[in-house]
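**Q** Sharing a structure here in structure tokens format.
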Amino acid sequence: EARVLWLLVVVLVLGSSSLAVAYQGLATNLCEVPPKDRVDCGYPEITSEQCVNRGCCFDSSIHGVPWCFKPLQDTECRF
């Protein structure tokens, strides 16, 4: 019984560490797109997880603009 429990713990730890490596995420500043400039990157009813997994930004705090939107380009200059 202890072996099975220990094996389960090992499997869970290895599984969670591989998930952490699989997705790096976007730098926070790349998602600082003004609401009026957001370009839709999702579809109706998309979840934040689905949106982020597509490499997009998600912000549902402002109604009437895309919640899942394309991030700024790394080379884009902002003043």
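Quick reminder: no glycine exception, Cβ is built from N, Cα and C everywhere.
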**Q** With reference to TrEMBL, specify which of the listed residues Cys51, Cys57 is paired with Cys68 by a disulfide.
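**A** Here TrEMBL pairs Cys68 with Cys51 via a disulfide bond.
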**Q** If you check TrEMBL, which of Cys56, Cys57 bonds to Cys41 via a disulphide?
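**A** That record, TrEMBL, gives the partner as Cys56.
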**Q** Please identify, from the disulfide-bonded residues Cys41, Cys57, Cys68, the residue with the sparsest Cβ neighbourhood, meaning fewest other Cβ atoms within 10 angstroms.
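**A** It is Cys41 that, of the disulfide-bonded residues Cys41, Cys57, Cys68, has the fewest other Cβ atoms within 10 Å.
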**Q** Cα-Cα, whole number of Å: Cys57 (disulfide bond) versus Cys41 (disulfide bond)?
**A** 8
**Q** Select the most exposed residue of Cys31, Cys51, Cys56, where exposure means the fewest other Cβ atoms within 10 Å, treating these as the disulfide-bonded residues.
**A** Cys31
